[in-house]
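Peer 1: Feature table excerpt (TrEMBL):
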- B:5-322: domain 'Phosphofructokinase' (DOMAIN)
- B:Gly13: diphosphate binding site (BINDING)
- B:Asn108: Mg(2+) binding site (BINDING)
- B:Asp109: site 'Important for catalytic activity and substrate specificity' (SITE)
- B:Lys135: site 'Important for catalytic activity' (SITE)
- B:Thr136, B:Ile137, B:Asp138, B:Met180, B:Gly181, B:Arg182, B:Glu237, B:Tyr295, B:Leu296, B:Gln297, B:Arg298: substrate binding site (BINDING)
- B:Asp138: active site, proton acceptor (ACT_SITE)
Number of protein chains: 2
Amino acid sequence: MTQSKVMVAQGGGPTAVINQSLVGAILESRKFRGVERVYGAFHGVRGIVNEDFLDLTQETTHNLEMVGETPSSALGSTRDKPDLAYCQEIFRVLKAHGVGYFFYVGGNDSSDTVRIVAEEAIKADYDLACIHIPKTIDNDLVVNDHTPGFPSAARFVAQAFMGVNLDNWALPGVYVGVVMGRHSGFLTAASALGKKFTDDGPNLIYLPERDFDVDRFCREVKEVYDRQGRCVVAVSEGIHDGSGNPIITSLAKQVEHDEHGNVQLSGTGALADLLVQVIKDKTGIKRVRGDTLGYLQRSFVGCVSDVDQREAREVGEKAVQYAMWGAKTGSVTIHRTGFYSVDYQLSDLNAVAGKTRVMPDDFIADTNNDITDAFRLYLRPLLGRGMPDAYRLRSSNFVERILHKDRPWTKG
Amino acid sequence: MTQSKVMVAQGGGPTAVINQSLVGAILESRKFRGVERVYGAFHGVRGIVNEDFLDLTQETTHNLEMVGETPSSALGSTRDKPDLAYCQEIFRVLKAHGVGYFFYVGGNDSSDTVRIVAEEAIKADYDLACIHIPKTIDNDLVVNDHTPGFPSAARFVAQAFMGVNLDNWALPGVYVGVVMGRHSGFLTAASALGKKFTDDGPNLIYLPERDFDVDRFCREVKEVYDRQGRCVVAVSEGIHDGSGNPIITSLAKQVEHDEHGNVQLSGTGALADLLVQVIKDKTGIKRVRGDTLGYLQRSFVGCVSDVDQREAREVGEKAVQYAMWGAKTGSVTIHRTGFYSVDYQLSDLNAVAGKTRVMPDDFIADTNNDITDAFRLYLRPLLGRGMPDAYRLRSSNFVERILHKDRPWTKG
């Protein structure tokens, strides 16, 4: 049997543009004469070991284009993190089906899987190209300038905070929004991109790259609130104290919240609720509200960056090109050129696999509760065309009071 | 002093299009020669009694157009519900400033304020037109076919569930999304408008118009999960048991969640978290996730229905027309004509004020956990142009297994 088949799969958390990468890989593969079939595995590596394959050679180009514009993994995904034995089983199945090209769209765990499968193929002297196609809303892949999926999630977060800031202006108080990102603060930092005026929220941004101190947090919230009568806060779900303990754990005790092991501490609204409670307790501010942005961040339909879509398509296409022109293994990486354009490279899997990128220091303000203009300059072009903008009534033309001449202005 | 001034204000929860109504009222007022000034009060009725006014006659038309497209109340809002004495103070201020036309954009509480102020003017034999301009994401104003603000919030909820359904398909489990709406289920019901295939979520929808039973709920979730390996649920924040007690209260006890009066039970993620916990406890399903859509529903920037924008503008414009052509009091109401168009009327404030509209029975399925096609037909035209659509890979072309010929298909 010749190795003339292509296998493509998607792993990890879905993104708004992960199907662009899938479609890029499928359509590009179908252009090459040597490719007999393009297979897609359902639910990532688990679908491979289960032999749950769809023949994508028979899918229409038109439907593929529509699927490309649809968020979340169209082949399904998996949280499985294969060990050596699992990767050997993947290789066994790929070999049995005469697969010569394996493309896996995913984050750093997925890139590690690709790396091990590639090693198995070399050991077995089997001709298999194994290419990792990057995606993650966390933007935590090293080597890359940024990662497909992040720009669209960032745009959602920026637009969400643009809206809650306006809402908080209309009905003042404290608002806490919890954003995804356990180790890397890129997505939380994106909340700042909807700011226009100096008093716009988020007024405070707390990232997992810095230690979080509950007392300082409450003090800083109160400072902003006392100054401008309201305060919008963006908090990463991954905030932790100086010893690395998640804040959600210590807070759960601090507000005397008895959980009996019943209350799930992640993937829920618990952190936002606890932060709201601690602000109320420690500052005496009454109107304090919390939201957890949750799954909407990575799968909302209708809030996508066109730059992200294009790049996600291109990394899928480039992966196939690299493989077809002879590359045996690697990870497609994105590199910024000019302001703004990108170029792609095939990087060594060992440089990417299993590593986590965090926000560089120059993206984080010295106060540890805000981002810098360097980060704004980095993120803005990724958000793409048609970013909405918020407008205010100009508040210069106050009307002279008649009945209460001595009362100070309460707004302006 | 002649009554040649216009006063406009915004009350209650902000919406994505409430500024269209404001701008409609301002621009239309400025067309009439008899109008000397157009004033806007900051933070609704509170701004009136405080005499915090902006002279909107001096605002540029261009900036007003941009503000019109910006979500949330540009003049600020208030939760104050004026009693008689408060309304008398409003009237005293309006009279002192020679206001002849009072326009208040708000929900049913606001319409009641307008009604009382109008009565005060009549008692004092003061020539004051008092017109209520409707808005509310809850869609709970009687007389109206629907209310400005609801269509855009409905579109956000529909798009949000379209996305989480795709996410849940990729990584199967149970997903519970809690939607705003304490007494009326319209917004929660809107979650169904992103469904395309029969197995698409939300598979179950729980509305405050029906009593909620925790055991039946868990049974129904398990049924769907057992049938299709996943389940997406939309729940109104206002669900209650047969005695009218909010479910959040009874659940908080049921999952042995000690709150010491510390845990806020509304405006937080608590209900979603409690429902997730009770599903885990009672069904044994492992991957159960909950989100509370929160403030994003009413203020998200960049997810607006063009139909909603247009109608919100028109009710503002019509309010001024009614007043200028002689109406003394009333509420602008929206009436559906054809499929799809609307007409406006000036209705008696007594017919609107202080009443709450809920979902009619023919919009709710007999199972009490879904909506009907009658509701789909009602809501679809309100969502406007450019609704996104979700596409799937066609799953008919399975690849024959080689290593595991006897294993059943796990997906398809």
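The backbone N, Cα and C atoms fix where each Cβ goes, and this holds for glycine too.
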Peer 1: Is there any among the binding-site residues B:Asp138, B:Gly181, B:Glu237, B:Leu296, B:Arg298 whose Cβ is under 8 Å from chain A, and which ones, in sequence order?
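Peer 2: Answer, by Cβ distance to chain A: B:Leu296, B:Arg298.
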Peer 1: I need the least crowded one of these binding-site residues (B:Asn108, B:Thr136), counting other C-beta atoms within 10 angstroms of each C-beta.
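Peer 2: Output over binding-site residues B:Asn108, B:Thr136: least Cβ neighbours within 10 Å is B:Asn108.
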Peer 1: Which of B:Asp109, B:Glu237 has the fewest nearby Cβ atoms, counting only those within 10 Å, among these recorded positions?
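Peer 2: Checked B:Asp109, B:Glu237; of these recorded positions, fewest Cβ neighbours within 10 Å: B:Asp109.
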Peer 1: On a simple 10 Å Cβ count over all chains shown, which one of the binding-site residues B:Gly13, B:Gly181 is most densely packed?
Peer 2: B:Gly181
Peer 1: Between B:Asp138 (substrate binding site) and B:Gly13 (diphosphate binding site), how far is it from one CA atom to the other, in Å?
Peer 2: 10
Peer 1: Report the same-chain neighbours of B:Lys135 (site 'Important for catalytic activity'): residues 6+ apart in sequence with Cβ closer than 8 Å to its Cβ, ordered by sequence.
Peer 2: B:Gln10, B:Gly12, B:Thr15, B:Val17, B:Ile18, B:Ser21, B:Val105, B:Gly106, B:Gly107, B:Thr147, B:Pro148, B:Gly149, B:Ala312
Peer 1: For B:Arg298 (substrate binding site), write down the residues of its own chain that are at least 6 apart in sequence and whose Cβ falls under 8 Å from its Cβ; none is a fine answer.
Peer 2: B:Gly13, B:Pro14, B:Thr15, B:Ala16, B:Pro71, B:Ser72, B:Ile137, B:Gly149, B:Ala153, B:Met180
Peer 1: Can you tell me the CA-to-CA distance separating B:Thr136 (substrate binding site) and B:Asp109 (site 'Important for catalytic activity and substrate specificity'), as a whole number of Å?
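Peer 2: That separation, Cα to Cα, works out to 11 Å.
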Peer 1: According to DSSP, which kind of secondary structure is B:Gly13 (diphosphate binding site) found in, if we only use helix, strand and coil?
Peer 2: coil
Peer 1: Tell me which of the binding-site residues B:Gly181, B:Glu237, B:Leu296 ends up closest to B:Asp109 (site 'Important for catalytic activity and substrate specificity') in space, Cα to Cα.
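Peer 2: Of the binding-site residues B:Gly181, B:Glu237, B:Leu296, B:Gly181 has its Cα closest to that of B:Asp109 (site 'Important for catalytic activity and substrate specificity').
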